[in-house]
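Participant: Relevant sequence annotations retrieved from TrEMBL are reproduced here:
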type	residues	note
TRANSMEM	25-50	transmembrane segment
DOMAIN	43-294	domain 'G-protein coupled receptors family 1 profile'
TRANSMEM	62-80	transmembrane segment
TRANSMEM	100-122	transmembrane segment
TRANSMEM	142-165	transmembrane segment
TRANSMEM	199-227	transmembrane segment
TRANSMEM	239-260	transmembrane segment
TRANSMEM	272-296	transmembrane segment
Amino acid sequence: MSQVNSTMLLPVQFFLLGIPGLEDLYLYLAFLFTVIYVTSVLGNFTMLFIIRIDRSLHEPMYYFLCMLSSVDLALSNSTTPKMLGILWMNTHEIYAEACLTQMFFLHSFAIMESALLLAMAFDRYVAICNPLRYTSILTKGLVIVIGVLTFIRAVALMTPLPFLIRRLPFCSTSVIHHSYCEHMAVVKLACADTTFNNVYGLVVALFIVGLDLIFIICSYIMILRAVFSLSSTEARFKALGTCASHICAILSFYIPVVLSSVVHRFGKNVPIHIHILLANVYLMLPPLINPIVYGVRTKQIRNRVKSIICSTNI
């Protein structure tokens, strides 16, 4: 671990503390997180493969699902390998450049995930509220534009972060009280006024989570109004069934975010390992849940998986 004086703008290395207080459980946590990581990677790769080879799945909903799986893969790989290195091999050191790179990517992909959940809410709104105009509204061109804007928004909002960190002087300690390079965990090490960094991080979080979640809720209010205007109970259940997977994806992403934020803001007496575990759940749960939920709930994907398994057994 590098010892630096306060005149340096950035230490050569940071020291990721891991999950303090649970050192005796590291092997158990390492095994659990490895299973989650491998399952997430295999599940999302399977999703991408199935959508790629099955032409009946070349529709807007599955294009968005393909983007979501790609983002989930990137999100998993931005943090989990280093975290597993800490748990399995006690490799806590991380170069400052690698730390800033990890910070940029993990926050960027989290923002992309939020945007894609909003795009998928719009997809479900059009499919249920304007079914006859679905293909004319959600064209391949519009799907591409949404994907590009999702990428641009995330990159534009996160590009300032590394530069904002670089301008800060750091004190003698370079120990990050976390298992990955989260923005605020790094900012806390600076021995200068970090008000601008704090405000920027808070504004971005409120802008992303707040606006995206509000628009998603508005979409589902209109969806529910359209569903309950249907005369047939069977038609209502069928319409709601098409939203079930997306609702699970929304809950698996936003509940850990909100819970982690609430505990961080108000849980002053909550042990630090609880904060860190919640932050890890926030990054590891969506990549695990999304392919499982969509694989189980979506008939076309489920049938394709069955056919692949059967052909393999033969």
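Using the three backbone atoms N, Cα and C, a Cβ is placed for every residue, glycine included.
A TrEMBL annotation is a machine prediction, not a hand-curated record.
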Participant: So, does the transmembrane segment (100-122) come close enough to the transmembrane segment (239-260) to give 3+ Cβ pairs below 8 Å, pairs being at least 6 apart in sequence?
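Facilitator: Touching, yes - the transmembrane segment (239-260) and the transmembrane segment (100-122) meet the threshold of 3 or more Cβ pairs under 8 Å.
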Participant: Please figure out which one of 62-80, 100-122, 272-296 racks up the most CB pairs under 8 Å against the transmembrane segment (25-50).
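Facilitator: Against the transmembrane segment (25-50), the leading stretch is 272-296.
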Participant: Can we call the transmembrane segment (272-296) and the transmembrane segment (142-165) in contact, meaning three or more C-beta pairs below 8 angstroms at a sequence separation of 6+?
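Facilitator: When sequence-distant Cβ pairs are counted, the transmembrane segment (142-165) does not touch the transmembrane segment (272-296), since fewer than 3 lie under 8 Å.
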Participant: So which residues does the transmembrane segment (142-165) touch in its own chain, when a touch means Cβ under 8 Å and the partner is 6 or more beyond its ends?
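Facilitator: Long-range Cβ neighbours of the transmembrane segment (142-165): 10, 60, 63-64, 67, 100-101, 103-104, 107-109, 111-112, 115-116, 119, 183, 186-187, 196-197, 200, 204, 207-208.
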Participant: Let me spell it out: take the transmembrane segment (100-122), skip the flanking residues so only those 6+ beyond its ends count, and list any with a Cβ under 8 Å from a Cβ in it.
Facilitator: 61, 64-65, 67-68, 71-72, 74-75, 78-79, 82, 94, 146, 149-151, 153-155, 157-159, 161-162, 165-166, 180-183, 186, 208-209, 212, 215-216, 219-220, 246, 249-250, 253, 283, 286
